[in-house]
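> Grabbed the feature section from Swiss-Prot, which reads as follows:
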type	residues	note
BINDING	19-26, 81-85, 136-139	GTP binding site
BINDING	THR26	Mg(2+) binding site
DOMAIN	10-204	domain 'tr-type G'
REGION	19-26	region 'G1'
REGION	60-64	region 'G2'
REGION	81-84	region 'G3'
REGION	136-139	region 'G4'
Amino acid sequence: MAKAKFERTKPHVNIGTIGHVDHGKTSLTAAITIVLAKTGGAQATAYDQIDAAPEEKERGITISTAHVEYETQNRHYAHVDCPGHADYVKNMITGAAQMDGAILVVSAADGPMPQTREHILLAKQVGVPAMVVFLNKIDMVDDPDLLELVEMEVRELLSKYGFPGDEIPIIKGSALQALEGKPEGEKAINELMDAVDSYIPQPVRATDKPFLMPIEDVFSISGRGTVVTGRVESGIIKVGEEIEIVGLKDTQKTTCTGVEMFRKLLDEGQAGDNVGILLRGTKREEVERGQVLAKPGSIKPHDKFEAEVYVLSKEEGGRHTPFTNDYRPQFYFRTTDVTGTIKLSADKQMVMPGDNATFTVELIKPIAMQEGLKFSIREGGRTVGAGVVTKINN
């Protein structure tokens, strides 16, 4: 069956369902597509199609993720749903599925459970900006007082982890009733999508952020100077603009005197472009892979940070043994490896393969970084973990 082509005229938002196992994340995902299909905003996707999520590799880690897309009156959404808890942990830490917002699914019959807490905490750690709650399975609860109690618990839990628990929209409904085509089931799905439309903020587009380009290669072109190449991560660079070279050494200022793409000269390079940038007065040996070009003052180099990390299991090709305090692997940021030392918190003796953990890292050289930056942990050239910078300590 040919895929319906979506008009890209509406603003795009990436979203995902999170929450405890068996609380109805996949049923809800299916219900959204089935309800929106009635107005032509989606291709109806059955539970089984979503549940049989294909495996993907992201930074050497295998993750099962299902992707569906749909649109409301106002927006176009790409929605991710994961079959297993471990897939969520990996997904959120590696940023395999970037989430601009999340739908937290909580079963009204059970209330918040351990993974509900863990997913809220992870969402906070990795910087998911906002979430909306779907209180599912209300057809299994007869007592309105119980519903109210569960709602209060969810709000308290959200507040505890730094989300605005009092403001977050909580929609009550039953994904099952929506799948069965019952009017009250469909009404709840429409209410949920209205809440997602209005409450999840529109993400800032990459081109509107400050200019940043990780340096992949450096050449010197006789008579013209030094050219650095890479893919522009964010923002726009125009010929004649002043830029900084950040990371590994002291920050240097320089000027962009040319932007080249596919051997053609351009006036500017923007997010997503693979470009060569000619730098005025910069010597070949002053720049290296692993540094970044950036808008002056927009990013600083740091060597100490806190991170949320997923450690690969033995089956995933990771370590066979746990690591302890003062473990010294390589940290791969953007385009280069830097050695660093891991400091575990006082209450943690070791980290087991297959676990996720929070710890502090001290690098031997500073890297241009901001909160939310993703990295891999490598040992002898193989990936043993993936992480995200949650806090910079300097």
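We count from 1, first residue shown onward.
Even glycines carry a Cβ here, placed using N, Cα and C.
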> For the region 'G4' (136-139), name the stretch out of 19-26, 60-64, 81-84 with the most CB-CB pairs under 8 Å.
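Comparing 19-26, 60-64, 81-84: 19-26 has the most Cβ pairs near the region 'G4' (136-139).
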> Can you tell me the CA-to-CA distance separating GLY19 (GTP binding site) and the residue listed as 'Mg(2+) binding site', as a whole number of Å?
10
> Highest CB neighbour count within 10 A among the binding-site residues LYS25, HIS85?
LYS25
> With every protein chain in view, what's the tally of Cβ atoms within 10 Å of the Cβ of CYS82 (GTP binding site), excluding that atom itself?
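Taking all protein chains shown, CYS82 (GTP binding site) has 24 Cβ neighbours within 10 Å.
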> Enumerate same-chain residues with a sequence separation of six or more from ILE138 (GTP binding site) and a Cβ-Cβ distance below 8 A; give 'none' if the list is empty.
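For ILE138 (GTP binding site), the qualifying residues are ALA108, LEU147, LYS172, GLY173, SER174.
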> For HIS85 (GTP binding site) and THR26 (Mg(2+) binding site), what Cα-Cα distance in Å is obtained after rounding to a whole number?
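Given the Cα positions, HIS85 (GTP binding site) is 13 Å from THR26 (Mg(2+) binding site).
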> Helix, strand or coil by DSSP: which one applies to GLY19 (GTP binding site)?
strand
> Summarise the region 'G3' (81-84) as counts of helix, strand and coil residues per DSSP.
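Within the region 'G3' (81-84) the tally stands at 0 helix, 1 strand, 3 coil.
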